[in-house]
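Undergrad: Pasting the relevant annotations from TrEMBL:
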| type | residues | note |
| --- | --- | --- |
| COMPBIAS | 301-313 | compositional bias 'Polar residues' |
| COMPBIAS | 314-328 | compositional bias 'Basic and acidic residues' |
| DOMAIN | 13-280 | domain 'G-protein coupled receptors family 2 profile 2' |
| REGION | 301-334 | region 'Disordered' |
| TRANSMEM | 15-36 | transmembrane segment |
| TRANSMEM | 48-66 | transmembrane segment |
| TRANSMEM | 86-105 | transmembrane segment |
| TRANSMEM | 117-139 | transmembrane segment |
| TRANSMEM | 165-189 | transmembrane segment |
| TRANSMEM | 224-244 | transmembrane segment |
| TRANSMEM | 256-279 | transmembrane segment |
Amino acid sequence: MQPMPPTELYPWERITVLSSCALSFLGSSLLVCTHALWPELRTRPRQLLLYLSLADLLSAASYFYGVLQDFGTTSWDCVLQGALSTFSNTSSFFWTMAIAIYLYITIVRGAPTGTGLLCFFHAVSWGIPLCITVAAVALKKIGYDASNVSVGWCWINLEAEDRVLWMLLAGKIWEILAYLILPLLYILIKKHINRAHAALSEYRPILARTPAFQPRTSIADKKLILIPIIFIFLRIWSTVRFILTLCGSPAVQNSLLVVLHGIGNTFQGGANCIMFVLCTRVVRTRLLSYLCCCRYDASNQSPQNSDGHYQQTEPHKSREVQETDRKKAMFSST
């Protein structure tokens, strides 16, 4: 593959992609904050979403710096930015697939999941990207790429003879693999949910007399299925430009394609925030209440901690537990 001429980034393209990076950073930060503020929302699916958000947070920050600098040659900060974005971007791929695998195991297989599976996800989703990134830096494969397979940031050095191999290892092979695995798991999960709904509808009179019956799936788990769909829609433009680069097509420098690539690579954190904070009723309600009523809540809670009201602590705590249970029920039905 012969190197193509550098892709020129116009000011409006840079501003658009920088805005996408900033929104993704804010969205990922908001997801992390909601997880930290409200323990009752720390379900296992949202715990996996937290790790995905951390990867997207680092990815958005590194991409923002790269687009802002718009590197024209390989430098130390180009290599550093390229290493951080390679690690976080690849980790995001793995955490997205980890969420799909978790949903398949719990919804379709109905198997219990413990800390062992979570440890496995951590080892794979952080470990493999770290090994790839360290190897790429040590072998001097990360550097200036003329924005033909990026949008201003640094990735795989154009001067590397085996640059196609490293482009695959440093992201593209995992991206393409996700395109194949995620739809397959999604179809299997969706079929299982449809069969479960059909059975539930058929035997609803029997199940209504069985209070102990609870479906394995919750609306929150089903909602997480949208993560792979969002992932594919956002990432496909990066893959298109990669294929065009391999083919030596001048269409790789098309402005619309460049912008879609820039937004797609940087906005996953923002998209997840829209879906799982702004469009999730209980989280949205608690967030608005927290932002608007912080002073009011603080003034109401301060007497509860005083020694003079010690005897009233237990019944109030009972009401708090009931409120927590109610919020959990709302969250699962959102």
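Just so it is clear, glycine is given a Cβ too, placed from its N, Cα and C backbone atoms.
Curation does not apply to TrEMBL; its annotations are automatic.
Give me the structural setting of these features: burial, nearby parts and distances.
TA: If you look at the transmembrane segment (15-36), the same-chain residues 6 or more away from its ends with a CB under 8 A from one of its CBs are 42, 46-47, 49-50, 53-54, 56-57, 59-61, 63-64, 67-68, 151-152, 259, 262-263, 266-274, 276-277, 283, 286-287.
A Cβ distance under 8 Å defines the sequence-distant neighbours of the transmembrane segment (224-244), meaning residues of its chain 6+ beyond its ends; these are 45, 48-49, 52, 96, 99-100, 103, 148-149, 167, 172, 175-176, 178-179, 182-183, 185-186, 189-190, 251-252, 257-258, 260-261, 263-265, 267-268, 271-272, 275-276.
Long-range contacts of the transmembrane segment (256-279) within its own chain (CB-CB distance under 8 A, at least 6 residues past either end) are made by residues 7, 9, 13, 16-17, 20-21, 23-28, 30-31, 34, 46, 49, 52-53, 56-57, 59-60, 63-64, 67, 89, 92, 147, 151-152, 223-224, 226-227, 230-231, 233-238, 240-241, 244, 287.
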Undergrad: At a C-beta cut-off of under 8 Å, are there same-chain residues at least 6 beyond the transmembrane segment (165-189) that contact it? List them, or none.
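TA: For the transmembrane segment (165-189), the nonlocal Cβ contacts are 86, 89-90, 93-94, 96-97, 100-101, 103-104, 107-108, 132-133, 136, 141-142, 149, 155-156, 225, 228-229, 231-232, 235-236, 238-239, 242.
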Undergrad: Checking distant contacts: for the transmembrane segment (117-139), what same-chain residues at least six beyond its ends satisfy Cβ-Cβ under 8 A?
TA: 44, 47-48, 51, 55, 79, 83, 86-88, 90-91, 94-95, 98, 102, 105, 156, 166, 169-170
